[in-house]
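Below is one structure; the comments refer to it alone.
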Amino acid sequence: MQLPSPPPHRGSAQIKGPARSGDQAGQDCSMSGTDPNHAAGKAPDSDQGQAAVALAYQRFEPKAYLRNNYAPPRGDLSNPDGVGPWKLRCLAQTFATGEVSGRTLIDIGSGPTIYQLLSACAHFEDITMTDFLEVNRQELGLWLREEPGAFDWSVYSQHACRIEGKGESWQEKEHQLRARVKRVLPIDVHQAQPLGTGSLAPLPADALVSAFCLESVSPDLASFQQALDHITTLLRPGGHLLLIGGLEESWYLAGEVRLVVVPVCEEEVREALVCSGYEVRDLRTYAMPAHLQTGVDDVKGIFFAWAQKKVGA
């Protein structure tokens with residue numbers, strides 16, 4: 001069984017230091033700077049570890065996951081210091097630079113969520129959403145087709161419109177996103193060709209977005225690095241990756257299943273991006289406040305990274 005690339009997007013986060021931008025020269029890609037406990041936790045048989053993760057994800061419940069992370073209290077966007085507004089602000093500000101644009105974008109491991117594409121859809125005409133799990137792809141289909149039972153993302157759409165300040169209505173925003181998502185495909189980030197052979201997605205993409213995916217489906221730090229390497233093959237040289245994930249998180253709940261997460265810190269994320277051939281343009285962190293630590297995970301914070309694939313990488 002292959003490991004998922006999946007679900008994820010767990011309103012999560014931690015501050016590991018001040019936000020910084022720019023690449024660090026002279027990084028050692030042996031990952032020697034990582035926490036020795038993480039290195040010691042490397043699975044002796046990566047395939048076996050990834051298969052165990054894939055098996056656990058068969059019990060993933062999209063609606064429970066959405067309730068845990070995108071309904072109040074984490075889904076309360078009225079507090080500008082909340083985790084939801086922070087993620088939407090990071091995305092909107094990055095797309096507002098005008099540098100992250102093109103024709104094609106792939107969302108890696110979309111899970112059952114769409115908020116990560118609300119600011120992106122104005123800048124890309126062909127968007128591919130992906131997930132390892134059929135139940136998540138089905139959940140996305142409900143929203144894309146405006147069918148009964150779909151999760152209501154209107155609060156997120158309204159907030160994104162307010163941040164962007166273009167005078168666009170949330171209905172227009174959602175209509176544009178639905179129109180520009182051209183396909184929802186299976187993906188496995190632990191395969192050298194994550195989308196398989198003969199993919200329906202135009203490749204290489206001009207940009208990638210991935211939120212709460214890689215650390216959520218990797219049994220160890222080496223698998224996290226390899227998964228990042230794999231998705232990087234889908235991106236053109238000079239293209240951009242926007243990566244969001246949990247910091248120092250080891251588990252989360254999605255219904256009855258308790259899913260394991262590989263804990264990563266800010267410097268491990270930075271080093272992994274450099275080792276995969278990126279220039280780190282921006283790396284920000286957010287500390288999860290006590291009132292949002294609701295018992296559905298043990299996340300300490302989240303990171304937002306904007307990285308650009310080097311030409312020749």
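We count from 1, first residue shown onward.
Backbone N, Cα and C atoms are what each Cβ position is placed from, and that goes for glycine too.
TrEMBL lists Tyr65, Tyr70, Gly109, Ser110, Tyr115, Asp131, Asn136, Asp188, Val189 with the feature S-adenosyl-L-methionine binding site. A simple way to gauge crowding: the CB of Val189 (S-adenosyl-L-methionine binding site) has 30 other CB atoms within 10 angstroms, across all the protein chains here.
The region 'Disordered' annotation in TrEMBL covers 1-51.
The Cβ neighbour count for Tyr65 (S-adenosyl-L-methionine binding site), using a 10 Å radius over every protein chain in view, is 26. Here the binding-site residues are Gly109, Tyr115; the one with the fewest Cβ atoms within 10 Å of its Cβ is Tyr115.
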